[in-house]
Amino acid sequence: MHSPRSAQSYLPPAYMTLIFVYGTLKKGQPNHFRIQPDQANGKAEFCGHARTVERYPLVIAGNYNIPALLNRPGEGQRVQGEVYKVDNTMLAFLDAFEGCPSMYQRTLAQLELQDWEGGEQSPTAGSIMEAFVYSTTSYQPAWLKQTFYESYDAYGDHGLTYINRDDKRRTGYG
């Protein structure tokens, strides 16, 4: 009979998925707390900064000034963001948070690394890697006429104040 301790040593390590975030989940942005340690949402580990290899339209859109990456590769800008390793619990949380698959779709994108702090894997700046990104095919045609951003900052000089979910509930939005 195996002791509980020895049985645990045979369990495979938790699977980690690479996610690229470009909007309110980045450090210093209004929803970053959702991927911080000690959350019930699962585990997320910051790995580094990157930008998309392909150009995409990144817009600030809708009634709540939400950053949206439109799934139209080849248009827009090379988008700046952050790469995280997330466990399956966090991945499920992010899918729900992003309204996946109806509002956003989780697809693979190629990224050019700018730096890496991701532990055992040590790619160098300029390396190309793949990670999942939440982009959308569900958008208003007018969004294609908006300004395309390279980098999102909720507090930027664009003057488009992000309205978070708690504010929407409190003020009757959405």
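Heads up, the Cβ atoms here are built off N, Cα and C, so glycines get one too.
Those TrEMBL annotations? Automatic predictions, nothing curated.
Taken verbatim from TrEMBL:
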DOMAIN    19-140  domain 'Gamma-glutamylcyclotransferase AIG2-like'
ACT_SITE  E98  active site, proton acceptor
Can you count the other CB atoms that lie within 10 A of the CB of E98 (active site, proton acceptor)? 19
Using DSSP, how many residues of the domain 'Gamma-glutamylcyclotransferase AIG2-like' (19-140) fall into helix, strand and coil, respectively? 14 helix, 48 strand, 60 coil
Model confidence over the domain 'Gamma-glutamylcyclotransferase AIG2-like' (19-140) (mean pLDDT, whole number): 93
